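Working notes, structure below.
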Amino acid sequence: METWQEVTVHVHRDAQEAVSNLLIETGSQGVAIADSADYIGQKDRFGELYPDVEQSDMIAITAYYPSSTNLADVIATINEQLAELASFGLQVGQVTVDSQELAEEDWADNWKKYYEPARITHDLTIVPSWTDYDASAGEKVIKLDPGMAFGTGTHPTTKMSLFALEQILRGGETVIDVGTGSGVLSIASSLLGAKTIYAYDLDDVAVRVAQENIDLNQGTDNIHVAAGDLLKEVSQEADVIVANILADILVLLTDDAYRLVKKEGYLILSGIISEKLDMVLEAAFSAGFFLETHMVQGEWNALVFKKTDDISGVIGG
């Protein structure tokens with residue numbers, strides 16, 4: 001029987017997606033996220049509320065590595081990369097890293113128990129790939145394999161991106177998804193009626209993961225995934241460009257985004273912590289965009305910009 005090694009990283013909730021991505025990049029075959037906020041107001045199987053759950057801003061992200069993995073090297077890399085994330089201004093909190101060994105069947109059960117179907121927006125529901133789910137009329141279901149990490153669609157930055165796409169897309173659009181990760185934004189764009197979607201990520205692992213998630217969803221042959229460094233080599237114009245990545249990276253793509261967004265098109269930027277908000281606004285305004293919508297969840301911000309000559313009801317430019 002094959003055994004697995006389990007590494008648990010305790011970090012601030014704001015670092016959930018970034019740390020999940022990091023763990024996959026270091027060789028993890030899956031992650032599970034334990035967050036006390038998930039239990040607020042919920043009932044257990046007997047109908048009782050969870051009154052004794054201690055609420056905390058810290059979460060536990062558990063990663064699973066094959067027994068052949070050198071955990072000492074992995075943990076050293078994790079600590080080094082966490083320090084780098086903190087230097088970008090991401091709140092990681094007081095980090096602790098634990099590890100243990102477990103059997104394969106324990107690994108399979110452990111990470112799956114944390115993930116259930118989640119209604120993210122009015123129309124969009126994210127469902128784990130192994131779950132049979134009966135969608136209601138008009139409900140659009142995104143199948144994801146959370147063992148692949150790169151975000152499960154429940155983080156505030158992803159939720160706001162999905163909400164923006166739901167508000168903007170009416171059918172027939174071309175969408176560019178920058179830093180696609182799990183591919184969730186591209187899949188949502190397809191389900192919401194976009195004609196063609198181009199998904200880019202600098203990380204080869206993310207490109208593979210995105211394609212595997214896309215393949216789980218019917219009718220998503222209109223999504224084209226490729227490796228790419230932001231928008232530097234892209235020439236395809238788009239009606240909508242969406243990017244849910246760190247603010248320090250967002251400011252590097254605004255000029256190229258303006259070049260590629262069609263007139264009256266939109267730029268959706270998410271993943272912005274409040275202290276970096278002005279920096280992103282300035283970059284987008286300097287590129288020529290006008291601000292149409294500003295969304296906030298906790299310390300996270302998402303911005304919807306428009307490329308337009310009609311500046312009524314918009315800000316900046």
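Each residue's number is its place along the chain shown, starting with 1.
Quick reminder: no glycine exception, Cβ is built from N, Cα and C everywhere.
Following the DSSP three-state reduction, the secondary structure of Asp201 (S-adenosyl-L-methionine binding site) is strand. Less than 8 angstroms from the CB of Asp201 (S-adenosyl-L-methionine binding site) sit Gly179, Thr180, Gly181, Val207, Ala210, Val225, Ala227, Gly228, each of them six or more residues away in the same chain. Per Swiss-Prot, the feature S-adenosyl-L-methionine binding site maps to Thr158, Gly179, Asp201, Asn244.
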- Span of the S-adenosyl-L-methionine site, taken as the largest CA to CA distance across Thr158, Gly179, Asp201, Asn244 (Å, rounded to a whole number): 16
- Tell me whether Thr158 (S-adenosyl-L-methionine binding site) sits in a helix, a strand or coil according to DSSP. helix
- Around the Cβ of Asn244 (S-adenosyl-L-methionine binding site), other Cβ atoms found within 10 Å total 28
